[in-house]
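Below is one structure, written out as structure tokens, with a few remarks after it.
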Amino acid sequence: MVFRIASSPYTHNQRQTSRIMLLVLLAAVPGIAAQLWFFGWGTLVQILLASVSTLLAEALVLKLRKQSVAATLKDNSALLTGLLLAVSIPPLAPWWMVVLGTVFAVIIAKQLYGGLGQNPFNPAMIGYVVLLISFPVQMTSWLPPHEIAVNIPGFIDAIQVIFSGHTASGGDMNTLRLGIDGISQATPLDTFKTSVRAGHSVEQIMQYPIYSGILAGAGWQWVNLAWLAGGLWLLWQKAIRWHIPLSFLVTLALCATLGWLFSPETLAAPQIHLLSGATMLGAFFILTDPVTASTTNRGRLIFGALAGLLVWLIRSFGGYPDGVAFAVLLANITVPLIDYYTRPRVYGHRKG
């Protein structure tokens, strides 16, 4: 009798994978709804574009690799990759950007490594970082939330801007980005970093319309709370574990609090970090990716804490306003090392 020894993972339950991915997609509904409310229909258009391009890219690669297309697409992982990238980019970014990002994410960051379960890096964040480095202007051209916006594009206008760069009336991104103060708006994190470097005091910065929210940036605080609600539902459904989100948020809050106490004139307050940018999206939907995150409980705590520290460092001292994507990828690099030193000890093993 011949016994075959295969490398892990030893089981692969496609039905279970499909169910978890579907739960994550459902949990994203509150966050998507909040982004639609505050930033307009462009988010929905980007999600549709990303979904189609990820499915087509995955199907093409599977066909070339002579693997079952229908069976693999049913695991919903391609849809989730497209969704995460679509909600991470500005809602009126040119159509070709989300297509390029999703195709790169699926073909290079996922299928090139062997497909789902083999990729060491989060595919959606690879796609996002490629776009951010290649097209920094377009990737940082966020619209002001509707509560401080002058021009709010409708569904048809959003489609026209995404595909042609202009609305039917001739408006462009520069016009649509104007806030109630007549100044082009950026995200709370981007505004803070730019203003501090320009020599503005924190007291002055907090008077800007973008910070008119109750807790943090206008619109962004509610978007983050919506992603938090979806994340808590995932925990309740046991689709994700608590270790990574908790250690990530606690570390980010702790670093932000200490930094703010020591340098309140140059560093953002903790609520700005927690309720702006992609904080809650990253904590519950990106870092918890079971393929690219640590697989032990202690490892998950270390992994989340490392990502939280990196996000704060990049936001506070780096060249980019939001460091979630870079933090995720840098933390992904450390996963083999973390798992090696945190794996459970074999029963009966003694220290040498």
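Using N, Cα and C of the backbone, Cβ positions are placed for all residues, glycine too.
Record features, source Swiss-Prot:
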| type | residues | note |
| --- | --- | --- |
| MOD_RES | Thr187 | FMN phosphoryl threonine |
| TRANSMEM | 20-40 | transmembrane segment |
| TRANSMEM | 42-62 | transmembrane segment |
| TRANSMEM | 89-109 | transmembrane segment |
| TRANSMEM | 123-143 | transmembrane segment |
| TRANSMEM | 214-234 | transmembrane segment |
| TRANSMEM | 242-262 | transmembrane segment |
| TRANSMEM | 267-287 | transmembrane segment |
| TRANSMEM | 301-321 | transmembrane segment |
| TRANSMEM | 322-342 | transmembrane segment |
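There are 22 other Cβ atoms within 10 Å of the Cβ belonging to the residue listed as 'FMN phosphoryl threonine'. Residues 32, 35-36, 68-69, 72-73, 78-79, 81-83, 85-87, 89-93, 95, 98-99, 101-103, 105-107, 110-111, 143, 153, 158-159, 161-162 of the same chain, all 6+ positions outside the transmembrane segment (42-62), place their C-beta atoms under 8 angstroms from a C-beta of that stretch. The stretches the transmembrane segment (267-287) and the transmembrane segment (89-109) are not in mutual contact, being linked by fewer than three Cβ pairs under 8 Å (pairs 6 or more apart in sequence). Counting C-beta pairs under 8 angstroms (sequence separation of 6 or more), the transmembrane segment (123-143) reaches the transmembrane segment (322-342) with 3 or more such pairs. Per-stretch counts of Cβ pairs under 8 Å to the transmembrane segment (214-234) identify 20-40 as the leading one among 20-40, 89-109, 242-262. Among residues of the same chain six or more beyond the transmembrane segment (20-40), those with a C-beta under 8 A of the stretch's C-beta atoms are 47, 75-77, 79-80, 83, 87, 91-92, 142-143, 145-147, 152-154, 158, 219-220, 222-223, 225-227, 229-231, 233-234, 237, 239, 280-281, 284-285, 290. Here the transmembrane segment (242-262) has long-range neighbours at 231, 235, 268-270, 272-274, 279, 282-284, 287-288, 293-294, 297, 300-309, 311-313, 316, meaning same-chain residues at least 6 beyond its ends whose C-beta is under 8 angstroms from one of its own. Reduced to three states, the DSSP call for Thr187 (FMN phosphoryl threonine) is coil.
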